[in-house]
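Trainee: The structure is given below, and queries will be raised subsequently.
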Amino acid sequence: MRSPAWFARWAGRHRRWVGVWLFLAVVALGLGSTNAAAPFLAAGLAPGLLATLWHAASPVSYERWCSGPLRRWRWRRRVRRSWKDLAASCGLSGSVAVVKRRDGKRVTEHQVVVPRLRRVRTRGHLLEVTIRARAGQTTEDLDDAAPRLASTLAAVAYRTRPVSGGASGCTTVIELVMADALTTHATAVEPEPRAVCDQVRLGRAQGGGEWSLTIRGRHTLVAGCSGAGKGSVLWGICCGLAPAVRADVVRLWGVDLKRGVELAMGSGLFSAHAYTPVDALGVLKTLMTVIDERGAAMAGTTRLHQPVVGDPLHVLVIDELAALTAYADSSIRRDAERLLSEILTQGRALGVVVVACVQDPRKDVVTMRGLFTQTVALRLRSGDETVMVLGDGMTRVAPAHRISPTFPGTAWVVDDTGAADRVRADYWPDDLIRDLATRYRTDVRIDVAPPRTTDPLNAEFGEAAAPRARKPRTPRSDRESIRLVKDPVGGGAS
Ligand SMILES: Nc1ncnc2c1ncn2[C@@H]1O[C@H](COP(=O)(O)OP(=O)(O)OP(=O)(O)O)[C@@H](O)[C@H]1O
């Protein structure tokens, strides 16, 4: 037997049917005078109607109303009503001298002028304030006032963006995040069974909207210290692409030098995987072959590869890039850096993209950091690391080093407009990954193990794979003879 609260919640979810219930109840009551069964029908409909009314009057709905439309209305009203005061306290107001004639005398009055408030609107947890600069003010002045406005209105975060079109040169939108939607943990849900490869949904943005990441035509670097939640971003991408993997519109290549602990869980999604440095070189070399073949086929025809069934987008997923580029054996490291740099510079347009995770984003660890075209900055250890990952001047607008360890999966990203946004990836439980990897298993398996023979094409791998033969030591020359050769003046050298 369901509880009344359950009925209330159910009725609340289906409240759009309340009109239908009302209509049917009225019809049933109307028929009641002629049809003996009608009162019973009305009695059957009445609980649903009562549940709906109860839900509408319940404290849950009142709270939802207060935290939803009412709260948003209050935010908007506060800005509109006290705009002059807000502008003055944020340093946006100024004064102009106006000369007037009073009783035949010239009087100079000082008038307070504020930038014009063009629009105030709310979207989810976002309060958007569109401001047009007053005379003598620049959009930089408006940008500088944004943190002050955010703190005056008790906003959680803020960002500014220019307005496009019209008198855009002097108009700015200040987006204030009024409530933090990212404090709650969200578990990922299975993706729609559509083969999409352009973008994948990874989680939520701080304004309450969705966070999606573009995959096609981008190389992605996911940086974050241990426990920052790189796994959520990695599996969000792999599992989001799962329907496309099954349809062979996308092929995933996995490199996990942490003994495959992470990627082996969803191995069914990967056409090829490498859990040792030597196999990783095999994966990179095979992808270079794909690039060479595609380059030859696409030359003069198209500039961006269009993935189709059988001619897919290749996504190379590397968990802990540093294991390959910094901590591997020096000969492997050298080859890996060269091959990966080539893939990063040539692969994007040819339908070969890289998604790499790294704990330590320093240049000596990830030498090709600058070749990635988009970055996701999860929790980092210092402001310097934020600059390394997101770029100069980003510590103020996208402080990834200030993300709390209690909110794993939270990251700062820079969107296509160049504005920074705080996002949180959904969590992917192991069971869901395994289940998806079984159901969307790829039929394409590529063997990438480099042959350990003397095949001239794979000579470099053979060399890297096999332990190098030690060079025989040159016998040391006699110290005396060296001294004599170096000192011809002393005579008797020959
Ligand atoms: N999106 C998320 N939401 C909530 N919790 C998460 C999220 N992502 C990860 N976590 C939690 O944080 C823990 C660490 O996550 P994860 O293993 O992905 O971190 P990592 O950055 O890959 O760390 P490492 O580099 O050490 O492997 C997970 O066990 C999980 O409990």
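Each Cβ is built from the backbone N, Cα and C atoms, and glycine gets one as well.
Got these off TrEMBL a minute ago, pasting:
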DOMAIN    208-387  domain 'FtsK'
BINDING   Gly224, Cys225, Ser226, Gly227, Ala228, Gly229, Lys230, Gly231  ATP binding site
REGION    451-494  region 'Disordered'
COMPBIAS  475-486  compositional bias 'Basic and acidic residues'
Trainee: If H, G and I count as helix, E and B as strand, and all else as coil, what does DSSP give for Lys230 (ATP binding site)?
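Mentor: Reduced to three states, the DSSP call for Lys230 (ATP binding site) is helix.
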Trainee: Quick one, of the binding-site residues Cys225, Ala228, which Cβ has the fewest other Cβ within 10 Å?
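Mentor: Each of the binding-site residues Cys225, Ala228 was scored by Cβ atoms within 10 Å; lowest is Cys225.
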Trainee: So which one is it: of the binding-site residues Gly227, Gly231, which has the fewest other Cβ atoms within 10 Å?
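Mentor: Counting other Cβ atoms within 10 Å of each of the binding-site residues Gly227, Gly231, the minimum falls on Gly227.
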Trainee: These are the binding-site residues: Gly224, Gly229. Which one scores highest on other Cβ atoms within 10 Å?
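Mentor: Result of the Cβ crowding comparison: Gly224.
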Trainee: Would you mind checking how many other C-beta atoms are within 10 angstroms of the C-beta on Ser226 (ATP binding site)?
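Mentor: Within a 10 Å radius of the Cβ of Ser226 (ATP binding site) lie 9 other Cβ atoms.
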Trainee: Whose Cβ lies within 8 Å of the mean position of the Cβ atoms of Gly224, Cys225, Ser226, Gly227, Ala228, Gly229, Lys230, Gly231, the ATP site, other than those residues?
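Mentor: For the ATP site, the extra neighbours are Gln359, Leu378, Arg379, Pro408.
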Trainee: Once the chains shown are all counted, how many other Cβ atoms turn up within 10 Å of the Cβ of Lys230 (ATP binding site)?
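Mentor: Around Lys230 (ATP binding site), other Cβ atoms within 10 Å: 27.
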